[in-house]
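Take a look at the structure below.
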Amino acid sequence: MRPFLDDAKRRVDRKLSARRQSLSASRFLPSALPDRLKDNHDAQVDFTAPPGGSGSREGHLQYMQQSIFGMIAAVGSRSDFHARFDESSDSDGETGQRPRKESSVRKGTSVSVNTSSLDPSQRSSSQTDGNSEKDLGTRGRRHRRTISDHKLLRPFMSNSKHEPDPSTGDEMPTVSPPSRPRSATPRAAPILSRMVEAQAQFDLKASSTERSQSSLNETGAKGPRDASVSPLSTRLMDMFGFDKPEKVLVEYACSLLQSMLLQGYMYVTEGHICFYAYLPKKSTVAIKSGYLHKRGRKNPKYSRYWFSLKGDVLSYYADPSNLYFPSGHVDLRYGISASLGDPKEKGREPRDFQVTTDQRTYYFRADSAMSAKEWVKALQKVIFRTHNEGESVKISFPIESIIDIEESPMVDFAETFKIRVIEDDDSYAIDEYFFTFFNSGREAFEFLKILINDQSLKISSQHLSPQPDRSPRSDRTRKSRNRWSLTSGTSRAETQRKRSASTSHMSLAHDIVKSSPATRHQDSSDSILNSFEQATESSAAWQSITDAAESASQILNRSDVFQSPTIYGLDRRPSGRERRGRRNSDETARSPSTRVNVGTGQQIDELDRRTDGNTSGREARDTTSESDQYTQDPTKSFSGAPSLNELVKAGVYPLQRAAGLAEYLRTRSKQMSNLLASESMGYIEKVSGMWTGGRKHYGEAEDVLPDDQDVDPEDKEDGCNYGDRFRAHFALPPTEKLQATYFAYLHRVLPLYGKIYVSQKKLCFRSLIPGTRTKMILPLRDIENVEKEKGFRFGYHGLVIIIRGHEELFFEFRTSDARDDCAVTLHQHLEAVKFMAESGLLAEQEQNESEAAMTEHRMLQEARYYDYGENDLRPLNESSELHPIFDDPRASIVNFKPAESLRITCLTIGSRGDVQPYIALCKGLLAEGHRPKIATHAEFEPWVRKHGIDFAPVEGDPAELMRICVENGMFTYSFLKEASQKFRGWIDDLLSSAWASCQDSDLLIESPSAMAGIHIAEALRIPYFRAFTMPWSRTRAYPHAFAVPEHRMGGAYNYITYVMFDNVFWKAIAGQVNRWRKNELGLKATTLDKMQPNKVPFLYNYSPSVVPPPLDYPDWIRITGYWFLNEGSDWTPPTALSEFIHRAREDGKKIVYIGFGSIVVSDPSALTKTVIESVLKADVRCILSKGWSDRLGDPASAKPEVPLPSEIHQIQAAPHDWLFSHIDAAVHHGGAGTTGASLRAGVPTIIKPFFGDQFFFGSRVEDLGVGICMKKLNVSVFSRALWEATHSERMIIRAQDLGARIRSEDGVATAIQAIYRDLEYAKTLARQRSIASSTPFSPTPSAKTAAEQDADDDVEDSEEWTFVGDDTDVEMSRRLRDRAISDADMLPDRLLANSVPGDSGPGRN
């Protein structure tokens, strides 16, 4: 084994080892493996092989361990099922648009500029900049990189994220216009793209320089602030960008009203009216989920889906248990409105609603009108949040710009008035703001009315003047009007820039727009200018013409947001990327700053020029309005009547629509010619590359790394488009950076060819086969492990993704290199995500995003406190605590604890490990005031009663069955012969004794291995729960614990193992159980379908951190946590054991525990010798519990005991909770209780499974990375496992983390609360079973004839045990109840008088 350079490389190389080693491929050696631990000649020998020649798993026998149910387990473990495919995802028949893709400008991406087509100023700018290209370095093989230099961790490892290339000049500035990513299709003409990019960079540099100079001038002009100015005035000046502090006249707590309330503060100063609201951080949990009907794009039929509103995306799924494969999504970041539909009938509220985005309108139908309202409200909240990427909302407008104020009553308990404000002196666009006051509304209205009237004469004279003065004050005021600052905590210059520039909800640093005529063309009634020029102003007349519905998002981008896509910003000029999408090839001769305004039906080309040195480029652009009106010459007079202007605009509206349609048709007619001219051969190469397969890695700027194979230079130049298309495909935020892509097959029902995307936090897949729409979005935090497997098809190479609580995913690659590279990349990202989560970096990063807004909010409160004092502030603070639009929909937990004490019986059979969890549970029930009782084997009675728990005996000691297994081997001919003679009587005794032990019970909790509980609960008419230590409920996530395959087989195999096991086990005992039901319980014969055991409430007593709850588990199945019985606190260790541990610590040696229980092997001496040699070879100290020496295998080959060296100390017994807390690693057989104890102690666990559920828990330990599962036990394998478990820092840290999580759980308390919560549901099932059984309460023979009894037995009532609530179920229950009463009336009176002792009749429930 070659030496490794560091920990990460060692793990990766171990993972990618082509040779299948005896240790799992999911583990990596922590450091250089000593030469003594190399494989020897015994590497393929298993010294735990049982006696006899009967083969089973891997050619060896399996053993009964801990549970009676092991006899049936061999059926599952020997079964061979090959159904390994999942169902294909459903589709609603919609087809997605594929607009044109465009080039993007990113930081670190080189851009070639054709300077011949630019003006001299542009050429000089572009020549000065040059081509700046970030030095990405040589990537080499991906798995060679260490964690420290991984791109996910670089922001945390270094303060400098981007460094300039020393070979070039200044680094190219970042161009990040407000944008929307589009899907992958051809891009526009490269020449025009480069022209626009060069102009955009030039404008950005110029505006940055001007802003800096302006900021310096303003600072110098202001000088020091007046010390007499109040802190509140100073704070408002900084927050809203005023020229000087303005005295605060009055302030009110109010709400900005649109379709919802945004609560904040109104500050009235000498010159402005300001509104400020602090927004809480967006939640990452699902806001709302449930079933809805969705209409297709072209198909008017509604299809039912499961919808989940989480973050900014509304996703819908064909199967609610398969949440990694959405059928589609609605990206609400581009949402415009959410509103209810028109009622179809008078007097009935509508159930339909629609969501309008910039792309299309989605139509939904809820099950009720109330549900539709709730969905609309939730969607409106999300749309509002998505338009506010910052943590605060600010509005300020000069008092001189207010036209009027009028009352607008909305509700009786609040005062609402409307303020109309002129947006701009150039355009006369008018905005309306509604403010609602719950207190002091009349006072605020009168105050503002007087203030506005005082300014009315001044406002009129200003607007009627030929040309207003463009003083710095007026320019500054005009720029600050009605601007929303969505980012807080920045410098004042930055705040001014964000106010004057675009502040749309997609103005993020690296989000690039890709617009096309197909996407710009809207079916709704928005302006046709959107097809080629984005309008940014609005008016009241315009709203009345378009009749657009307002929504909460209107308050962000003013009223014109509903006549234009919200993805466009508020820039005075369109960005280069928008402009490029609006032009075609014959427009390349124009300057990139050319605009098209349709005012009189003609196109007017106007160049943006910088007129003089005193006017900045941005201010020059501000003089020209891009609104839907006439193009005005700056020297002409403006009309003094806004109403006349609005009428003119209304009249020109048809001409605008016609001109826009002509532009749209002209652009589309030349689109194909542009594609063929610029991308003639590129598409052939890309399509061929797609089917050939391969991989690509992307750098910091999401450009293709230079050392990837088959990289097209043009792809490198356009590399940042990959990340944008990736985010557009899966509706991911701009912060999700693309890292690598692969072409592979996803195995579900059939192999589905597509593309794998690996990003910082997500693993995504998208099908590329025409006619398929499968998408997968899998968070990396949900991935437990990644393993290599053989492909399902010859010549292909498999990769298995193991997911928490979900079935495995199978991918096939054409080449092993691509598969290995994908495995390495995923492992690196898993390590990075794990590192960031453990170190708290993710939380810190998220917290930093809101720190600035919180600080600003706190400083504002402090300033208010300073000015007004505590008494004046208290009413305002109290009202500000209410956030009606951000309320938490989750209700508080209700206490379901029953008022009376319950008699609870716990029925279980098996070994000590089966009884111990019930003792812990009953101790918790005793503390709750209940009267528990354990019904199990008589040998455990002293142990149970020692804890103050009542006891009832159950026959059928499993020792007899264990003896049969030991003496005959599992499922040999002699075993079947003896079991057929003795096992039937064993079951009869078990059933009869269990029926007697469960009398006088109000609730029955049973292990499924006891077999009798569900029938006893039906006879007693009492609620029934199940509890077990291993998975027993049908799921696609895990196989049955007794049917774990050698290799991953997929969800279909996992599910069918439960179906097979249930049927095999029931068939074996059905005859005896039905006979017992008739003779002793007085019940009819039943079947597996009639019992419906999968509807029974189930409690699993293992940790959800060890076995996460599968996504397809129903609500009544709960994983509660381990039920530990802590007995170690009262145990005193022997002196020899304490001295052995103390001596090992002094010597600096690791201590391991080895104990396999009472197993039977063919050569116990050889096994003992193997353990001794492995311990010595690994150089550890061992505490040994040698159970296999108690019962030798072949008496003829008996050998003397092997003497133990001083490094090994043998014990007979010790409490696990005490012993495992004093060791460094544990080695055992993998029983449920022992595994839980070692994991709780936080020590690495080595499992050598022998039988049944031990294979399942061994695989879980390995998947979690906290231990090793050995398939064979020999010196080579065992010594290496011991050394790795005691030296692997990765494994030790993971085990400690898992142990801390398990110790923080309270499984008993959780189980008791689950019992309380599901008790009413269990009572409902008990009532339905009693009705369906149609028997009296006494187990007395019926008076019916044999023919009548047989007829009743043939009744198919498998659908009768369903939920109560639907009309059909109610009718069915009524008929069954009537039939039961009729049957009871036919019985003799003496039968009705008899009842089982302790039964209280049908009213017990």
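Counting begins at 1 with the first residue displayed.
Using the three backbone atoms N, Cα and C, a Cβ is placed for every residue, glycine included.
Per Swiss-Prot, the features are:
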- Ser911, Arg912, Asp914, Ala1214, His1216, His1229, Gly1233, Thr1234, Asp1253, Gln1254: UDP-alpha-D-glucose binding site (BINDING)
- 1-16: compositional bias 'Basic and acidic residues' (COMPBIAS)
- 95-105: compositional bias 'Basic and acidic residues' (COMPBIAS)
- 106-115: compositional bias 'Polar residues' (COMPBIAS)
- 116-126: compositional bias 'Low complexity' (COMPBIAS)
- 206-218: compositional bias 'Polar residues' (COMPBIAS)
- 483-493: compositional bias 'Polar residues' (COMPBIAS)
- 570-589: compositional bias 'Basic and acidic residues' (COMPBIAS)
- 590-603: compositional bias 'Polar residues' (COMPBIAS)
- 606-624: compositional bias 'Basic and acidic residues' (COMPBIAS)
- 626-642: compositional bias 'Polar residues' (COMPBIAS)
- 1332-1348: compositional bias 'Low complexity' (COMPBIAS)
- 1349-1367: compositional bias 'Acidic residues' (COMPBIAS)
- 246-285: domain 'GRAM 1' (DOMAIN)
- 285-384: domain 'PH' (DOMAIN)
- 724-790: domain 'GRAM 2' (DOMAIN)
- 1-27: region 'Disordered' (REGION)
- 83-186: region 'Disordered' (REGION)
- 203-230: region 'Disordered' (REGION)
- 461-526: region 'Disordered' (REGION)
- 566-642: region 'Disordered' (REGION)
- 1330-1367: region 'Disordered' (REGION)
Count of other CB atoms lying within 10 Å of the CB belonging to Ser911 (UDP-alpha-D-glucose binding site): 21
DSSP-derived structure type at Ser911 (UDP-alpha-D-glucose binding site), helix or strand or else coil: coil
Structural state census, the domain 'GRAM 2' (724-790) (DSSP three-state): 10 helix, 38 strand, 19 coil
Gly1233 (UDP-alpha-D-glucose binding site) CB neighbourhood, other CB atoms within 10 A: 22
Extent of the UDP-alpha-D-glucose binding site in Å [max Cα distance among Ser911, Arg912, Asp914, Ala1214, His1216, His1229, Gly1233, Thr1234, Asp1253, Gln1254]: 23
For Asp1253 (UDP-alpha-D-glucose binding site): DSSP state (helix, strand, coil): helix
Tally of DSSP helical, extended and coil residues in the domain 'PH' (285-384): 19 helix, 45 strand, 36 coil
Distant-in-sequence Cβ neighbours of His1216 (UDP-alpha-D-glucose binding site), under 8 Å, six or more positions away: Gly1128, Gly1233, Thr1234, Ala1237, Ser1238
